[in-house]
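This report refers to the structure that appears directly beneath it.
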Amino acid sequence: MSDADTGFLRTLPKAELHLHLEGTLEPELMFQLAERNGLELPYSDVDALRSAYEFGNLQDFLDLYYQGAGVLQTEQDFYDLTWAYLERCAADGVVHVEPFFDPQTHTARSIPMSTQFKGITRALNDGQEKLGISSRLILCFLRHLSEEDAFTTLQQAMPWRKHLVAVGLDSGEKGNPPEKFQRVFDEVHRLGLGIVAHAGEEGPADYIWQALNLLKVQRVDHGVRCVEDPALVQKLIDEQIPLTVCPLSNTRLKVFGDMAEHNIMQLLEQGMCVTINSDDPAYFGGYLLQNYIAVRDALGMTEAQAIQLARNSINASFLSEAEKAPHLEALEQLA
Ligand code: ADE
Ligand code: ZN
């Protein structure tokens with residue numbers, strides 16, 4: 001596929017399964033919200049902020065990401081953030097989203113859980129009504145904080161339980177293994193919620209094993225370091241456990257030196273259920289379609305492979321089989 005086929009990639013009905021709402025905060029909106037809330041940002045303007053987006057690793061990024069999230073204060077702020085993301089999705093041919101949010105980043109600043117949920121879910125409802133984009137929301141625990149803090153967060157979210165499809169685990173991976181959160185995810189399981197976790201982004205293959213065996217995840221977020229353990233690769237293929245891979249994120253955070261070195265197409269060809277996602281698009285240079293394009297340009301992608309990646313994204317979602325069916329049929333029409 002060449003440049004001329006970007007329209008084809010846009011037309012594919014795609015789901016986005018690995019997206020942090022706080023990571024969609026564009027510099028323009030960050031300045032707008034700072035002004036609206038009477039806050040001073042430590043950058044002179046949007047260009048100065050954007051030029052700070054040079055990251056040596058995940059932690060470099062997280063430091064800026066948590067600082068940026070500080071402008072989110074009111075229900076309307078959470079609405080505006082979520083709505084701006086959904087408009088980008090509509091432009092990219094995204095038909096279904098399962099976004100993450102990090103409530104502890106906000107409750108730590110005394111922004112109530114209710115403010116966050118109200119703003120986000122109002123925008124997601126509008127996304128369904130006005131843009132035809134379906135959604136399921138995922139709350140993430142911050143793994144650099146304690147398990148006790150995660151328990152408190154889960155408790156605080158219970159009045160909003162019906163708005164959640166799953167709970168995830170994100171933030172700095174190194175030194176914060178999945179096993180640290182085994183008891184709280186046992187509780188998530190008892191509550192009947194789905195489970196996902198970031199693992200094998202910067203952390204070793206063993207963290208992916210822990211996510212599978214101890215947390216009982218249904219999807220692995222990132223997971224690209226699975227290739228360090230052939231038995232793990234075989235299990236992921238045999239059990240079709242989805243990986244939500246984020247190509248532009250991985251190159252910006254130096255998980256891979258260059259897109260040409262990325263292993264996503266290799267994993268796809270081995271039969272793994274890999275999906276393409278944008279992670280934190282305001283920080284990493286592109287939304288979902290840009291990630292498909294970047295992979296195609298660096299690694300090559302046939303139309304059949306693009307359709308398979310889109311099909312994987314629908315299959316790996318938390319939608320019911322009946323809800324998946326029309327998207328899968330539309331993809332079959334393109335095959
Ligand atoms: N939070 C936002 N983006 C993240 C990523 N790529 N890894 C871990 N935590 C995150
Ligand atoms: Zn992520």
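Heads up, the Cβ atoms here are built off N, Cα and C, so glycines get one too.
Predicted, not measured: the structure shown is a model, and the values here were computed from it.
The domain 'Adenosine deaminase' annotation in TrEMBL covers 13-329.
Secondary structure at His20 (Zn(2+) binding site), as computed by DSSP, is strand. Taken from TrEMBL, the feature Zn(2+) binding site applies to His18, His20, His198, Asp279.
Annotation for Glu201 (active site, proton donor): same-chain Cβ neighbours under 8 Å, separated by at least 6 residues, are Leu58, Glu173, Asp221, His222, Gly223, Val224, Arg225, Asn250, Leu253, Val255. Among the features that TrEMBL reports, active site, proton donor is placed at Glu201.
If you look up TrEMBL, you'll see His222 marked as site 'Important for catalytic activity'. The Cβ neighbour count for His222 (site 'Important for catalytic activity'), using a 10 Å radius over every protein chain in view, is 28.
Annotation comment: TrEMBL describes Asp280 as substrate binding site. Sequence-distant contacts (6 or more apart, same chain, Cβ under 8 Å) of Asp280 (substrate binding site) comprise His20, Glu22, Gly23, Thr24, Phe61, Tyr65, Ser249.
Mean model confidence of the domain 'Adenosine deaminase' (13-329) amounts to 98 (pLDDT, 0 to 100 scale). The Cβ of His18 (Zn(2+) binding site) has 30 neighbouring Cβ atoms from other residues within 10 Å, across all protein chains displayed.
Proximity to ligand 2 (Cβ under 6 Å from any of its atoms) holds for these recorded positions out of Glu201, His222, Asp279, Asp280: Asp279. Contact annotation for recorded positions (His18, His20, His198, His222, Asp279, Asp280) versus ligand 1: His20, His198, Asp279, Asp280, each with CB under 6 Å from a ligand atom.
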